[in-house]
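K.L.:
Residues or ranges marked as active site by Swiss-Prot: R236, E265. What Swiss-Prot lists as active site, proton donor is H283. Positions annotated as NAD(+) binding site by Swiss-Prot: E155, I156, A234, G235, R236, D260, H283, I284, G285, N286.
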Amino acid sequence: MTKVYIAGAIPEVGLNLLKEHFEVDMYDGEGLIDKETLKKGVEHADALVSLLSTSVDKDIIDSANNLKIIANYGAGFNNIDVEYARQQNIDVTNTPHASTNATADLTIGLILSVARRIVEGDHLSRTTGFDGWAPLFFRGREVSGKTIGIIGLGEIGGAVAKRARAFDMDVLYTGPHRKEEKERDIGAKYVDLDTLLKNADFITINAAYNPSLHHMIDTEQFNKMKSTAYLINAGRGPIVNEQSLVEALDNKVIEGAALDVYEFEPEITDALKSFKNVVLTPHIGNATFEARDMMAKIVANDTIKKLNGDEPQFIVN
């Protein structure tokens, strides 16, 4: 019987779809799957459903005798050696679109949380308490009417821009290509990175990672930002040099930061945890019931298509 190996628990809606068609084995151990377990799991599998946290390198691919598809449960796919998979005639798919609204919502949530000191205020209210309303007490920054600078105006970046416009924000964006139709639809302005850094009150990273973007935001870039600026990263951790971010916060080069992704994920740079003006969330960009269920359906449906001889919908290689 055709076999599918799943590298970790996924929502039942996708799991049940796969079980209707194939023999399914799923890793259900504690923590992330280790390399040897994954190699054993894929040895006789026709399909691998990998998680964004699953490293699928050449060694893993070479361990699989029958593999036809790697269906990645995530919009990104930098955890997979995509080119080598193609050389072995293995399709790699992802789950685009499903993450868009959830991640855009979180991006705006991070902006509001750090600018209005919501997390800090929650902690104060639960611990020492406060003496009541006062004119100079616990002031933050307004979001409405400010300028947002979006690095990466893809689907998620575009959704962030639409939400920002509802706050009457001016929208700047940068990326490898100008997107004139989106500019007109959203009311965004294309600028180079330096111009964005110098003018934005909130700089949001919503780009997918590739090696050319490694440490795109480093000491030089922080020094170009406003002293009242906030950095928001809901894209990929390695785009930001976290040590440079720590130094920028220490030296009050910028006013604060909010991160959902990390350079050394799942590890978080310890120094970041000490700043009250930093909000940290555990990579929950698309962690909604709706998004995660949709992602499960996509990986299941693309796996079913491939193993039934049809072309998957979301091939990335």
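Every residue gets a Cβ built from N, Cα and C, even glycine.
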K.L.:
Calculate the distance in Å between the alpha carbons (Cα) of E265 (active site) and the residue listed as 'active site, proton donor', and round it to a whole number.
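P.N.:
Here the two Cα atoms lie 9 Å apart.
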K.L.:
Across the listed NAD(+)-binding residues, E155, I156, A234, G235, R236, D260, H283, I284, G285, N286, what is the farthest Cα to Cα distance, given in whole Å?
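P.N.:
This binding site's residues have a maximal Cα-Cα distance of 18 Å.
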K.L.:
Through the lens of DSSP with three states only, how would you label E155 (NAD(+) binding site)?
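P.N.:
Assignment for E155 (NAD(+) binding site) reads helix.
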K.L.:
C-alpha of G285 (NAD(+) binding site) to C-alpha of R236 (active site): distance in Å?
P.N.:
11
K.L.:
Which one, from the active-site residues R236, H283, has the smallest tally of other C-beta atoms lying within 10 Å of its C-beta?
P.N.:
H283
K.L.:
So if I measure Cβ to Cβ from A234 (NAD(+) binding site) and keep only same-chain residues at least 6 apart in sequence, which ones fall under 8 Å?
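P.N.:
Non-local contacts for A234 (NAD(+) binding site): T103, L106, T107, L110, I156, T204, I205, N206, D260, V261, G285.
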K.L.:
Where R236 (active site) and H283 (active site, proton donor) are concerned, what is their Cα separation in Å, rounded?
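P.N.:
If we compare the Cα positions of R236 (active site) and H283 (active site, proton donor), the gap is 10 Å.
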K.L.:
Would you mind reading off the Cα separation of E155 (NAD(+) binding site) from H283 (active site, proton donor), to the nearest angstrom?
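P.N.:
Rounded to the nearest whole number, the Cα-Cα distance is 18 Å.
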K.L.:
Counting across all protein chains shown, how many other Cβ atoms sit within 10 Å of the Cβ of G285 (NAD(+) binding site)?
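P.N.:
There are 23 such Cβ atoms around G285 (NAD(+) binding site).
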